[in-house]
Amino acid sequence: MESAITISNHVNLAFSLSRNPSLSTKNSAGISCIKWQRPCLRNLGHVRLNQQRKGTRRKSTLVQAVAVPVAQPSAFPPTDNTEHLKQLAERYGFQQIGEPLPDDVTMRDIITSLPKQVFEINDTKAWGTVLISVTSYALGIFMIAKAPWYLLPLAWAWTGTAITGFFVIGHDCAHKSFSKNKLVEDIVGTLAFMPLIYPYEPWRFKHDQHHTKTNMLREDTAWLPIMKEDIESSPGLRKALIYAYGPLRTWMSIAHWLKVHFNLKDFRQSEVKRATISLAAVFAFMVIGWPLIIYKTGIVGWIKFWLMPWLGYHFWMSTFTIVHHTAPHIPFKSSKEWNAAQAQLSGTVHCDYPRWIEILCHDISVHIPHHISPKIPSYNLRAANQSLNENWGEYLNKPKSNWRLMRTIMTTCHIYDKDGNYVSFEKAVPEESQPISIPKRVMPDYA
């Protein structure tokens, strides 16, 4: 997913890959850079093809075996690097921080390692996700209507999570992984986005660029990190960014929603017609749906039944997308340095959440396979992720949702410096960083 924050933070720490067979570490600003030997992964696709021809491909399970990358012997014991990554994982709230992916691994190598079944569209499963979202949303509205005031936050949390599922359904439609009928996808995607006041086509056009240029400086439309020049440009902007990346960070997708999707001048001429239709659908919901809600329940009812669940949706939109691509060890690269396979496999994070959240949100948190191929339907992401774990597991970033992970992101990953690592607001502008103390006080430091 996408998803959905205009400005994101990534550390300028990049695990340097070298053909030198030695392994060494050096520390800078509390974060270690690693040099390690590159495994020989050329001809990976050919090895797999030969296996298929010889009939060695496993047919009994969805997760199929392929040639697994194996590093050549190193001059230092591999436990050195393993122990170092374990220490980083503990510090940042991760279960695993992946080894650096070698330069000569390509997206084709990774995609061809996935079983063909994970790309197959199943209409029954697709419409099953719609049933789950509609049913869970209806239950949420019932809970809001019947709950006493002190239980309303729980009802809002459930309903906001349920309508996040609407976004994921539209997300599948935008990636052409919901139905083989493209008109059906356009209609379902538009309808799913309408109650979120999200214009479907404008989002789709911008989100496609996020996938083609993930973690690329200046180019990734969903992930544009704060740079030093942003902080230095204006006191007003600096103050706004400190608040936005402090207590308001888990709702920053609202800023992205407002800025990116409503100006037709931001789209190519060939995109304007479809963008206009989506905007008309959104405004129709506002003009018809909002007055109807207010007529039936009053302004308080509009707040209870629409606004609060909508804010709950944006909480998840922001949280998912922050965690998907933000960590002290995940680099942002210029277009000249950028490597597609490294950005999609190692620059993306798979995070486990409580299962009820994953069910209502259709496994959008299983995000690495989605970045390997957006054509994988949401209901096949777990099978694809299992295959990636079998064949590329050592390179994957894996946390479970926990306080230390969020505390690290919220209080550390602020200003991106091309010549160093993440710099927190507390270090860069200590006299103005009081808003950062709020999440620092509220969020416990345990994983």
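Heads up, the Cβ atoms here are built off N, Cα and C, so glycines get one too.
Since this is a predicted model, take the numbers as computed values, not measurements.
The stretch that Swiss-Prot tags with motif 'Histidine box-3', taken from the ranges 22-26, 177-181, 267-271, 367-371, is 367-371.
Which of 207-211, 397-401, 417-421 counts as motif 'Histidine box-2' depends on Swiss-Prot, and there it is 207-211. Segment annotation: Swiss-Prot labels motif 'Histidine box-1' over residues 171-175 (candidates 41-45, 171-175, 386-390). Sequence-distant contacts of the motif 'Histidine box-3' (367-371) (same chain, six or more residues past either end, CB-CB distance under 8 Å): 1, 114, 118, 211, 214, 320, 324, 344-345, 348-351, 381, 384-385, 387-388, 396-397. Each residue of the motif 'Histidine box-1' (171-175) gets a DSSP state, and the totals for helix, strand and coil are 4 helix, 0 strand, 1 coil. For the motif 'Histidine box-1' (171-175), the model gives a mean pLDDT of 98.
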